[in-house]
Structure formats: C-alpha cells, structure tokens
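Quick notes on the structure that follows.
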Amino acid sequence: MSNMVLTMSEPGPGPAPRRGAAVRRPHEGLAALSLFVGLSAANAMGGLLQLAFFGLCLGVLLLRRHRVPLALMGGVVLCGMIATLTSLRGEPGIAPLLRFVRPFVEGYLLAILLYHGCRIRTLKSLLAALAGYVLIELFCALAMAALPELRSALLEQWYGDDSYDGQAFQAALLFRGFGVSRHHLFGLPLALGIVGVLLLVGASLEARLSRRWLLTAAAAGCALLILPNARVGLVPLLICYALGVSLFFRFCYLRQILMLACLGVPLLLLLVRLYLGDAGEALIDWMLEGVMQFIDPSQAADVTTVSDLGSMVILPAEPLAWLIGDGRICQPGEGCYSDIGWIRLLQEGGLLLAVPVALLYLGVILQIHAGLRRLGMNRPVRRVRSSRDLLLWVLLLTFVLATIKGEAYAPNDYSRLLMLLAVLVHQRPRRRRRARPLSSIPSTT
C-alpha cells in the first residue's frame, strides 16, 4: 500500500509528470465551500440540498471505489446495535442505530469528496480549506447580525419543531444563533474550537510569517464565532490557548497572538457597540457573565448554565438500569430529563452502551492523533511533538466537555468533523499494479 498521507507540504518527489500534463493543484476554495455545506449548511437546510450534496459525495466514492475504514465503521455499528438492542426495554426502533451511524457516513463521504474531488492531501491545503470555512461562517454571521429579521426567519426554519416553541429554548437563542448551523448551542462552537486549534498548530509549524499571521487570524475568527453562540462552548477554546502557552513561548509565537488580541479586541468591541447599538452592549454583558460563572461560582445561580447542569445529574436508581439502562432517553418536561450526554447514555443503554461509546471516540481521537503526527516532519522534532501533544489534549478535553453539555456522538457539526478528520488523515489511494517490463520476465528456455 502506498505511503501517501496528508503532509505539511506538497507531496514529495515521485515520477516526473508527462510533458504537457497539467499539475493538479488542490481546490482549496471548493473544499472550503464543501466543508461549509457538509458540516453545517446541508443539515441546517435539509431537504434537496442535503440529498444532492451527499449524493454528489456518493458519486465520487463510486467513481473512485475507495476502501471503507472497516475498524472505525465496525465500532460505530457496534455502538448502534447495542443502543438498538437496549431500546427493546423502552422504545424499540432503529433510530438509535441511525443516530450513531449517520455522523460516520456523512463524515466519510465528505472526506472522500475533499480527498478525491478537491485534492486535499496536505496539511497546507487542509488548513486553507478550514480557514475558508471559518471565513464563510463569519460572513453569514455578519449578515445575520445586520439583518435581524432574516436571522429570526432562518432560526425559525432551522429549529421549526416543537422545541422551538418552548420559552427556555427561545430565550437561549435570544443572543445565540449566528452562523449557518442547526447546532448553535453545542455542535458548532465545539467544532469551531477544534478548527481553531488545528489552525494554531499549523501556524506554529509554518515557516512563512505571512501565512502564520493568516492562520492565526482565522483562529481568532473561530473565537469570534464561538463567543456569541455558546458560553460553555467558549471553554474548549480557552483550554486550547492555555495549553498552548508553553508551546508558543518556546517558539516566540505567543507575542503574535498577544499583538493580534491587543489590536483586535478593542476594535471588535467598538464595532459591536456601533453595529448593534444597545443590543451589542447587552450581548457583551451576556458573554462576560458566561465567563464569570466559572471564575466566581456564586454567580452560577444567576447565570443558570452551571446550576442547570448540576440539577441534571440524575443517576439510575436500580442496578439493572446501571447495567443496560431503561431503553429510552427522557424527554423535556419529564422529571428525569437531562442535557448531560453521559446521563443520557446511561438512560438509553447503561454501562453496556456508555463504555463502548467512550472507547469508540477515544479510538477516533487517537486515530486523528496518529495521522497528524506525520505532519511537519521537515521541522524540528521537538516542535512537532509539542504541537501533536497539544492537539491530543485539546481533542480529549473537548470530548469530555462535549459529553457533559450534550450528545457528542449524535449527528452534529462536532461529530461530523471528528469523523471527517479520522478518515481524511488516513486516506491512501489504491496502488495501481504496474506492468512488468519484458526484460524482467524470466525465460522459460
């Protein structure tokens, strides 16, 4: 099997291209648009757009006939089958199986489109595509902020189900809901946190100063998108910056982030105040309250994010429920309802389901780590090791946070991004069998 994997730079030397043959370059702009549609927009819009996009990805897969990662697919199907079997105690159906399989299928198809259709095969092209995705989301968020009526109409269309009619849900979307997604409160901020860390790690390995600044600015764009969407979702990004302090100090990179923050934050606050008026001031106060609840626990009761989670720690009462769950997830309005992902896993399938799900996503994170450790080997080894370890810690801590605030394993921007990265960093094309020259064929005489 060929050793071609994603690398920091363009693929190494190989057979010289034929004279007159055009060199195929990655389509980074098309890849950014594909990420935007595949991770967020297709799920938000639904209907024909979602069907057409993933139908296109399936067409690319059929033309290329690429191998399926059987180990990853087997783990996903196993978790789905366990959830389906445990549902026989409560609400039988195949919905649990589909909930586990769908993020893998969508992430896998999107990875095939990026690898074969857009030729995203290097870290350089992947980071450019992720930066483009952030830029598209920023543009959409600014448009929604400038047109409040359009934003309200889009949110009602995206969340137009029974939950949108709830007073608590509408209050949650009072300040949140900027950018194209159907998971503003959870999946989108966590996905952007991982994208921001990837951009920072890529910037720390980048030799060109201009490209390093561009990647850092794109990471700052991730922070700007996270801030107005989820106060708890800001935590993984803060963890990313905190863990990266030693790395950035070592490579004299921290000063660039500090300079960008000193120049950008005052300008950003001024623009928000001028752009949104009194609503902008209320938005800034709301975000500051969300951060202060982790610094001053006495404010948690007023802000309600931490206090609500504390009241949702509802553990099973019977030993059998601990083992195999109740076969159903409590719905809003019931006394056992919880937003915490681990509690919902215990309700659905007990430890029999929670342990395989934890092992599955631990394997996904380690697979991403193993694939990305080959990146930037033309740089000093210490820098590569530090960047790789930083990314591993961020992925692990973000998953822990994701399973505290919601269902990290359910279809959302975060789970699709994890599956996409796990598949993309290990893609290898089929090795074509070369014809043996006549001189190498042994003589039979």
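Including glycine, each Cβ sits where the backbone N, Cα and C put it.
TrEMBL does not curate its annotations; it predicts them automatically.
What TrEMBL lists as region 'Disordered' is 1-21.
Under the heading transmembrane segment, TrEMBL lists 30-63 (among others). Sequence-remote contacts of a segment are chain residues at least 6 beyond its ends whose Cβ falls under 8 Å from one of its Cβ atoms, and for the transmembrane segment (30-63) they are 106, 109-110, 112-114, 116-118, 120, 125, 128-133, 135-137, 158, 179-182, 188, 191, 411-413, 416-417, 420.
Summarising the annotation, TrEMBL assigns transmembrane segment to 70-88 (among others). Sequence-distant contacts of the transmembrane segment (70-88) (same chain, at least 6 residues past either end, Cβ-Cβ under 8 Å): 94-101, 104, 108, 324-325, 327-328, 348-350, 352-353, 356-357, 359-360, 363-364, 367, 409, 419, 422-423.
As annotated by TrEMBL, transmembrane segment applies to 100-118 (among others). Beyond the transmembrane segment (100-118), the same-chain residues lying 6 or more positions past its ends with a Cβ under 8 Å from any Cβ of the stretch are 26-28, 30-31, 34-35, 38-39, 54, 56-58, 60-61, 63-64, 66, 68-69, 72-73, 76-77, 79-80, 83, 129, 409-412, 415-420, 422-424, 427.
According to TrEMBL, the feature transmembrane segment maps to 125-147 (among others). For the transmembrane segment (125-147), the residues of the chain that approach it from at least six positions outside its boundaries are 6, 26, 28-29, 31-36, 39-40, 114, 118-119, 154, 177-180, 192, 195, 198-199, 202, 214-215, 218, 221-222, 224-225, 228, 275-276, 424, judged by C-beta separation under 8 angstroms.
Residues or ranges marked as transmembrane segment by TrEMBL: 185-205 (among others).
Here TrEMBL flags 212-228 (among others) as transmembrane segment.
Under the heading transmembrane segment, TrEMBL lists 234-252 (among others).
The transmembrane segment annotation in TrEMBL covers 257-276 (among others).
The transmembrane segment annotation in TrEMBL covers 351-370 (among others).
Taken from TrEMBL, the feature transmembrane segment covers 390-408 (among others).
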